[in-house]
């Protein structure tokens, strides 16, 4: 029954942050639920053995633990959200440095314990820009030393996600990492303990004197010493060696990191269960050798499994602390604790139950782990390996006899595990990353045993020597550098042969759900359900692409820019793609546009309209045109095109329709104005009017591009009877667009501004907002509401915002009613 409670607990926590699952449970409610469950369990599950009654008791246990988990998740989220910073501004803070920093290419990231005047302590992520070699970064990082207090001045930078389906959610990542804000450090002033005491933080000073705090600080200091020691060694693969040992990627070459990502091997850079177990095995093997040689009589008093279980567990605990209690390492620790307990209590625990209970306990300790891709990928891989282990257990013992047969069987298991993990984790990879590395089974086939059997053990042995005799540590690190060079050489060989790239996978949520169901059927124990049932799921998977989508219009949150996606039936179109000022540093195309199209199931655009070629409207397309298939591109001037893309000049008078349901009309620019010089090219932006037939209350949409007053007054002359229900404000709502007369004449029901939060232009401007407010026209904006979607259902157009889906994305003052 415990495993069913665990399953319900895990499922309940998956709803964390869902707006529709927002409720709280009082202490009395929790006690009542537990009492009812205990009664049901004692009366039905233990005394009555009818299969239907037992099924009811299991279902009841699932439901109750699900409700408890939901209440627990909501309570934890409420506690976290109250400390999140929401506004940008200069701030002076008192901080304590308890964790190691991370050195990136252009920035040093330093976790900060921020001491609040009310006695609470919150975590911020400090950052210091740095340009130059790694040695300069080392010198700069020493300005904030472990175990010291500082007064810092700088800019508070609240986490702000691009709230678009498919895009990476940085606000969720901040929650998962227990970070309340970002902080750009400008001035640093060290503080003595006496000064900290005088400021009123004596309680925090006492907390840092505790044994636990001192031990954790000592571990962080040793991690720093190890980083510096490896950096000083005359070896080539310093970054990879450090990352595989402690998970610290500060010295990692970005080219190597990208290569591991392309080969589907990024998981090997994270500290996983095998790393922890290898360290414990090395220590316990040494302990067993010494005991057998020096004190063999000890085994007469304590059997070997009892004698070694506690040292093994302590080694796992120590290594977990050394790598910062990452989720895979913490999972291993919990499993080892339960296995040790079962050994001492002489109780057998089924492996699947062990896995489920460890996940449930981990989520009890850290409920925000449920938001992490590492949690799902780690436990997903464990489940697959468990199924492979069960397959091995069913093998007849007398089949494998000779050394050759054992070697063949080991290789077979390795190959089988790689393709099964690749297939089983396919849905999770699509959900979290939207991309796949097709070469992953092949690259992991060599890399996993090479890293697990050679590189990691040598890394750990060298680290142990570092604490005893540094010259021996340097020697072992140099030996390990040779092993890593051979691994990198093998990857370079594969790179030259296959040139693998990440593949963008296009799958709708329904396709993902069907693929999960099929995989569950395939991986269930033999005889549980017929495997042929999996084939039944292929029929709806083939039918979904033929589904005719109702009308949808998405105003995407692309920051300071604009991108609008429209679809109906089998037709689709995008108006602008947005774009970052430097797409090579952060690509709106790769990070927002392509992932959004992926979750929409779009692999090819029928039409792409670039209202004009400013970076914030077209920069993403210029950067990703090799990855984005476009049949027809429409713009007021011709950009660089793919060979398969047809170009059409955007000019007034053009019109087309989709199935006589959705009508498009280009209202501007005039054809003669395209050949005239204009000091402001924004006035040559394509202006498009969209009409959805027989729809209400939003039937007419007007997309203004970057046009201003000049084009607006032209529209008033050329189209005085134009109907407008939804107005996408020109030039992101600047003060030189959306004139009062223009708004008063067309009287839209809703105005939408696509802009970036905290943008330096102040879009949408206060003047524009005042005009809209004077005319009682509601204003929605992508910074406050995220992506804004209009979708039809039974001829009614509904309005929804992406930020309203998850509580951590919501802006309290900007909810759509």
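Including glycine, each Cβ sits where the backbone N, Cα and C put it.
Annotations in TrEMBL come from automatic prediction, not curation.
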- Out of 242-259, 332-349, 530-547, which range is noted as transmembrane segment by TrEMBL? 332-349
- Message: Looking at 421-440, 561-580, 581-600, 601-620, I want to know which stretch TrEMBL calls transmembrane segment.
- Response: 421-440
- Query: What is the three-state DSSP composition of the domain 'Metallo-beta-lactamase' (557-636), stated as helix, strand and coil residue counts?
  - Reply: 22 helix, 25 strand, 33 coil
- Message: Just to confirm my parser: what is the rounded mean pLDDT across the domain 'Metallo-beta-lactamase' (557-636)?
- Response: 93
